[in-house]
Amino acid sequence: MTLLSINVNKIALLRNSRGTNHPNLAKFVLKLIDLGINSITVHPREDERHIRYNDVKELHHLLSNYKDVELNIEGYPSDRFLNLVSKYAPNQVTLVPDSIHQLTSDHGWEIANDMNFLKSSVARLREIPSRISLFCEPLTKDLLLAKELNVDRVEIYTGKYANDFGSEREEETTRTFEASISLLNSIGLKGNAGHDLSLENLNSFLQLGVIEEVSIGHAFTEDCIYLGVDEAVRRYLEITNQLA
């Protein structure tokens, strides 16, 4: 069984586009919980264009009433971000290498170049009980360096898998990701995965090896438009629960 974490950034983006509180983020999260979702992901960026820092406070309070539902906060480890997660100590903190101008998380850390910065960030996070996950490319050198950083998990960036799925490059790309997942397991690091996973490619991806958690946001939001929230959740859980 793979834990399905729903990223609700796009719901916040829709809300912010009108300057109101509709759709209500907390109400949507409660709907997801009622439908069987056990993890929520948020990514507060510096410009707060979707998830706001106050949203984290509200969701942390809300989810404190649901001990079996996890909160995963992902973001660039600026002082502001590290202060935020230190205050609320979510179940998991995922460090991503976003710049303020990025539309989305479109690459993993170049760990060799950021080793000292990441070491200090991880050291600060070790002061709270949260799991620490690092957003990485499916590259052997980065996965081995992630092990040296003493993180709990690696979230494999799956953008290339999604882009190459169904193309002539699919077989080669699949071998790369399969090898990366196998390497994580062999060095004792648990693997998460995320970016552009969808109903079309998720089942195939989960056949490649043991993945603890997948984070899905954009595709899930699109599926909610066409299928409805209930049916979208049902279809994703049918895939992630298949190995239970």
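For all residues, glycine too, the Cβ spot is worked out from N, Cα and C.
Binding of 3-amino-2-oxopropyl phosphate is annotated in TrEMBL for Arg18, Asp196, Gly217, His218; the matching candidate from Asn7, Asn38, Asn241 at the same site is Asn7. Checking Cα-Cα distances from His50 (1-deoxy-D-xylulose 5-phosphate binding site) against the recorded positions (His43, His195, Asp196, Gly217) with a 10 Å cut-off leaves His43, in sequence order. Put simply, His195 is the one of the recorded positions Arg45, Glu74, Glu155, His195 whose Cα lies nearest to the Cα of His218 (3-amino-2-oxopropyl phosphate binding site). Asn7 (3-amino-2-oxopropyl phosphate binding site) falls within a strand segment according to DSSP.
Of the listed recorded positions, namely Arg18, His195, His218, the sparsest CB environment within 10 A is found at Arg18. Asn7 (3-amino-2-oxopropyl phosphate binding site) sits 10 Å from His195 (active site, proton donor), taking the CA atoms of both as reference points. Taking every pair among Asn7, Arg18, Asp196, Gly217, His218, the residues recorded as binding 3-amino-2-oxopropyl phosphate, the greatest CA to CA distance is 26 Å.
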